[in-house]
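Written below as structure tokens is the structure these notes are about.
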Amino acid sequence: MKRKNFEFPTAYTVLFLILILVTVLTHIIPAGKYDRLSYQENTNEFVVEKYGNENITLKATQENLDKLDIKIDVNKFIDGTIKKPMAIPNTYVKLDGKSQGLDELIEAPISGIAESIDIIIFVLVLGGIVGIVNKTGTFNIAMKAISQKTKGKEFSLVIISFIFFAAGGTIFGFWEETIPFYTILMPLFLINNFDPLVPMATIFLGSAVGCMFSTVNPFSTIIASNAAGISFNEGLKFRFVALIVFSIISLLYIYRYIKRVKKNSKNSLVIEEQEEIREKFLKDYSQENDVKFNWRKKIILFLFLFQFVIMIWGVSSLGWWFQEVAAMFFGVSIIIMLISGLSEKEGVNGFITGTSEVVGVALIIGLARAINIIMENGMISDTLLFYSSNVVAEMGKGLFAIVMLFVFAFLGIFIPSTSGLAVLSMPILSPLADTVGLSRAVVVDAFTWGQGIILFITPTGLIFVVLQIVGIPYNKWLKFVIPLLVIIAVLVITILYVMSVFFR
């Protein structure tokens, strides 16, 4: 009897297996909690949250922060720079077990979907507007025009796109906001005969490298620096140089893969998925030239593209989140439907068809959030942080910096939110740099680089959402990205060691 070849499980199965593992860990890892400090703007007071006890209210003064051993300028709380509750050093206590069982395991994905409803609605509305625009044939004409202009200089698409996403990542944390661009750019790259991994890598690596080497990203470097009690300007020039260097390395890596596949199509890592992916993204694409780019389609294309300009402006300048962006997308979809010339039934069906194609993405978002819910309810996140802080205490400078990098990479698996991890870990871990004679800027670099490295591959981050959109299996992505990840990790470890021993 012939044995079946092993098939790598789907993203849903992988996430559910991780969910089971984390549930088991709540029976092994002791529950524990740090006290939390939050600022109340309406009363200009600090609230100290003590688990199981009454909260304590303090005046929002620098003196009270110093008493709590939080070395942060009080104005960072008052002006809204730090909004999330912050862990208070030296307050960790073990608590009675909060082990999660079968009931909690089954309920977690449902709770995950409920708690992620803002980003899920964003993804569904995005799918809907893409469905309507597809129905009008606008994408077909636009892609044809662009492909003709880029003929013979296709790699310029990769360079321009990568720079755009890297810039967005380093400036304002362009991460989840990149989700719409996979739907837009995948067809454009595919009609230029790129391997499906190329647009996926261009967008994801561009954004990932930008976020990893953040310069003025308020959700990463700035909030981590503030939580560490230092100015984000410390090490800023170096981070900018690192951003350029690692962007070039990543682009060369993508270029090398393009050349290998061009030389022999069998070198493609996704050769088995090629046909299905091309069918998915190019099913509405036609080579016929009889379709006119009339005024309706010009306005539709303008509105569709301009909404992303508004999205970037809203997120970076107005503090928009997924709810506001989804509402804006929904409004634009109605306008496009009205001017498209489609009947009411055609427009609605186009929206529903587009929405149905991203339901799987929504489920993955909910499953990923479920893992965090189990950890939060099991109260093991703070315990992991507490033991991590004990590991790095009293080490030499170089070893301290390297181990700190791995600590943040490890914590990033369980806490993929950069701002969430920053306010939880920085007040606890950054003071340890003082004990070994290092600048706290080293801890900030270890934070951004450590979590940045793990976000390339961690199932609890964005990668599974993106892979579901694109249609590439997780194991194929790992095969592609791990060599690059090793190169980046080795260089980053070397840089951290040299900086710690000789410069800081």
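Even glycines carry a Cβ here, placed using N, Cα and C.
As written in TrEMBL, here are the features:
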- 12-29: transmembrane segment (TRANSMEM)
- 113-134: transmembrane segment (TRANSMEM)
- 155-175: transmembrane segment (TRANSMEM)
- 181-205: transmembrane segment (TRANSMEM)
- 212-232: transmembrane segment (TRANSMEM)
- 238-258: transmembrane segment (TRANSMEM)
- 299-319: transmembrane segment (TRANSMEM)
- 325-343: transmembrane segment (TRANSMEM)
- 355-375: transmembrane segment (TRANSMEM)
- 395-414: transmembrane segment (TRANSMEM)
- 449-470: transmembrane segment (TRANSMEM)
- 482-503: transmembrane segment (TRANSMEM)
Of 155-175, 212-232, 299-319, 449-470, 482-503, whichever stretch has the most CB pairs under 8 A to the transmembrane segment (355-375):
449-470
Cβ-Cβ under 8 Å with the transmembrane segment (482-503): same-chain residues at least 6 beyond its ends:
205, 238, 242, 246, 249-250, 253, 397-398, 400-402, 405, 438, 442, 445-446, 449, 453, 456-457
So which residues does the transmembrane segment (181-205) touch in its own chain, when a touch means Cβ under 8 Å and the partner is 6 or more beyond its ends?
126-127, 130, 139, 143-144, 146-147, 150-151, 154, 157-158, 161-162, 165, 250, 254, 257-258, 261, 268-270, 273-274, 277-278, 281-282, 285, 308, 456, 462-463, 466-467, 469-472, 476-477, 480-481, 484
Relative to the transmembrane segment (155-175), which of 113-134, 212-232, 299-319, 449-470 accounts for the most Cβ pairs at distances under 8 Å?
212-232
So, does the transmembrane segment (325-343) come close enough to the transmembrane segment (212-232) to give 3+ Cβ pairs below 8 Å, pairs being at least 6 apart in sequence?
no
Residues sitting near the transmembrane segment (299-319): Cβ under 8 Å, six or more positions beyond its termini, same chain?
129, 133, 136, 138, 142, 168, 171-172, 174, 177, 180-181, 325, 328-329, 332, 335-336, 339-340
